[in-house]
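Annotated features in Swiss-Prot:
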TRANSMEM  9-29  transmembrane segment
TRANSMEM  48-68  transmembrane segment
TRANSMEM  101-121  transmembrane segment
TRANSMEM  136-156  transmembrane segment
TRANSMEM  164-184  transmembrane segment
TRANSMEM  210-230  transmembrane segment
TRANSMEM  246-266  transmembrane segment
TRANSMEM  275-295  transmembrane segment
TRANSMEM  336-356  transmembrane segment
TRANSMEM  364-384  transmembrane segment
TRANSMEM  393-413  transmembrane segment
TRANSMEM  418-438  transmembrane segment
Amino acid sequence: MQDHNKKAMAGLTLAALGVVYGDIGTSPLYTLRECFVSQNLPTTPDNIFGILSLIFWSLIFVVSVKYVAFVLRADNRGEGGIMALMALARHYTTHAARWKIVLLGLFGAALFYGDAIITPAVSVLSAAEGMEVVSSGMEAYVLPMAVGVLVGLFLLQRHGTARVGLMFGPVMMVWFAILGILGLHQIIQQPAVLQALNPWHAVTFLSQHGFHAFLTLGSVVLALTGAEALYADMGHFGKTPIRRAWFSLVLPGLGLNYFGQGALLMSNPAAIKNPFFLLAPDWALLPMIALATLATVIASQAVISGAYSLTRQAILLGYCPRLEVHHTSDKEIGQIYMPFINWALLVAVLVVVLTFKNSSSLAAAYGIAVTGTMLITTMLFFVVARVNWRWPLPLALGITLLFGVIDTAFFAANVHKVADGGWLPLVMGMAIFTLMSTWKQGRDILFKRLREQALPLDDFIHNLEAYPPARVEGTAVFLTSTLHGVPHALLHNLKHNKVLHERVVLMTVRTEDIPYVPEDERLEIVQMSASFWRVMARYGFKEEPNVVEVLDKCAKEGFEMELMDTSFFLSRETIVSTGHPGMARWRQKIFLWMSKNALRATDFFQVPTNRVVELGAQVEL
């Protein structure tokens, strides 16, 4: 049994290498180069020691301490990520504080989409730029190669990654091993580079170079891209495999490679043009470019899958309209493909690649998205530590202030890059934030209008008993979001058809602030009268609502509904924009557009289409 557990843990650790660490694992391709090039710093030993020390201790403080030691503790029943953290943070807060937490979480999620666009662009471009090291004449092929790889990657998404995903872990294990070996080879030739392990070199560099050193932090943070993935992917692998992979292979591989690049620059300052690929001997350049391209594809796949997962969570939590979701694996519920998100990402990535043309230009855009998300995570972590865990204020404030100062320094160092490309994730973030907040606000107003117009359910049932209508055989299930009002579809059915079914079931599907709902808490069945029942089905934000599955569970609870004798009634609302206060006109137009393009409720809740009756209803916004 113990051997089996060890094998399972080893398998999860290997799998985590392929998914969690792809992004941060490809950072050595461009980070050290950008630290020097962005500020035109000379490659002197003091500068090399200072920048290496900043990179190394940033990895220790931000990744090892903040994320691995602390943030991974803030799991929402095993799940991580900005949406899970937001749901956890708002769970125990007051109504006034809840909306502020939601706004923070939504903007953090919006910045992640910017990251999902920039990561494939910058990582694949940086791998393709290795061709320039092979021969200066190959420069013209860099952009076409990057575009070809990216188009191929997005075209393959619809087929799923279940099979090729099995190779991700072993490939990244080889990648980190080679990172370490290449770096160690140079360190042996220039052991003096290990002086940079002393944090005093980082302090000296910052004090001697002043404002220029501060701005260099904007490039140092590139070494931390992908740190958020440690937390976001916790639900797939668990804390222990993620921690083991980090300390056993990822951190040593990254550390050795960065120090190896520094050692190379000490012996050959001209190698700054591409210190990563120049670590490799000439005969290994082409295989190294191929491996780097594969590693960047894996890193890109991780953020693309993350974008699908985040969108699905946003839909279930009510911050995004329903979109088409395809399952690409019979075994893993998390393996999904979302056509709209896929093609939107592809178009955005290609526009970014063809606009910026090289990884150095894109590096400026990268930092804002990464540091913004890191800072928001720190803020939400404070709320969880203080409110959920009830940490004493000095402890919660002390730890989060330490992280906050580091995050703020990195973010501030990137602000000056707004004109050079930093505007890209900010514009993307604001656009996506506007869409998500508009959808949430619009749905809240819509539900409020429906509640105001709805008849009280108890009075309605009492009147039906006093003046019974004609009855027809079978069961009618009315899907409704309101608990105490009469569904519009029920009123319209009674008004136009003048009949009711023998059994009337009012079914509400609710998404909770937790990833998974225990099976014994899934259903709540209440008989309201001789012919009326209420069924409440609860799902977590990582689960998939399924109405047929709810019927099966009802049968197990003793409340049977034969599918072929059951009709499902839904309201199909036509939303009309009005001058009512509460929502700006331009937001109303956006909301109407999103509503028209949302996936039908019958498809989203997997209601059998041949058993559905839709009744129109007009609602004023």
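Yeah, the Cβs are placed from backbone N, Cα and C, and that goes for glycine too.
Remember, predicted model here, so these are calculated numbers, not experimental data.
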- [ ] Could you give the residue numbers and ranges of same-chain residues that sit at least 6 residues beyond the transmembrane segment (136-156) on either side and whose C-beta is under 8 angstroms from one of its C-beta atoms?
- [x] 120-121, 124-125, 128-129, 293, 297, 300-301, 304, 342-343, 345-346, 349-350, 353-354, 357-358
Open item on the list: Can you see whether the transmembrane segment (48-68) and the transmembrane segment (210-230) are touching - at least 3 CB pairs under 8 angstroms, only pairs 6 or more apart in sequence?
Closed with: yes
Open item on the list: Let me spell it out: take the transmembrane segment (336-356), skip the flanking residues so only those 6+ beyond its ends count, and list any with a Cβ under 8 Å from a Cβ in it.
Closed with: 116-118, 120-121, 124-125, 143, 146-147, 150-151, 154, 157-158, 160, 304, 307-309, 311-312, 323-328, 362, 365, 421, 424, 428
- [ ] Using a Cβ cut-off of under 8 Å, list the residues of the same chain at least 6 residues beyond the transmembrane segment (418-438) that approach it.
- [x] 103, 106-107, 109-111, 113-115, 117-118, 314, 319-320, 348, 352, 356, 361-369, 372, 587, 590-591, 594
Open item on the list: For the transmembrane segment (393-413), give me same-chain residues lying six or more residues beyond its boundaries with a C-beta closer than 8 angstroms to one of its C-beta atoms, as numbers and ranges.
Closed with: 58, 61-62, 66, 70, 214-218, 220-221, 224, 367-368, 371-372, 374-375, 378-379, 381-382, 385-386
Open item on the list: Ranking 101-121, 164-184, 210-230, 275-295 by the number of C-beta pairs under 8 Å to the transmembrane segment (246-266), which range is first?
Closed with: 164-184
- [ ] Please work out which recorded stretch in 9-29, 101-121, 210-230 has the most C-beta pairs separated by under 8 angstroms from the transmembrane segment (164-184)?
- [x] 9-29
- [ ] Compare 9-29, 101-121, 275-295 by their Cβ pairs under 8 Å to the transmembrane segment (210-230) and return the stretch that comes out on top.
- [x] 9-29
- [ ] Please indicate, using numbers and ranges, the residues of the same chain that are 6 or more beyond the transmembrane segment (101-121) and have a C-beta under 8 Å from a C-beta there.
- [x] 23, 82-83, 85-87, 89-90, 93, 146, 150, 153, 225-226, 228, 296, 299-300, 303-304, 306-307, 310, 314, 319, 345, 348-349, 352-353, 356, 362, 365-366, 368-370, 372-373, 376-377, 379-380, 383, 424-426, 428-433, 436-437, 440
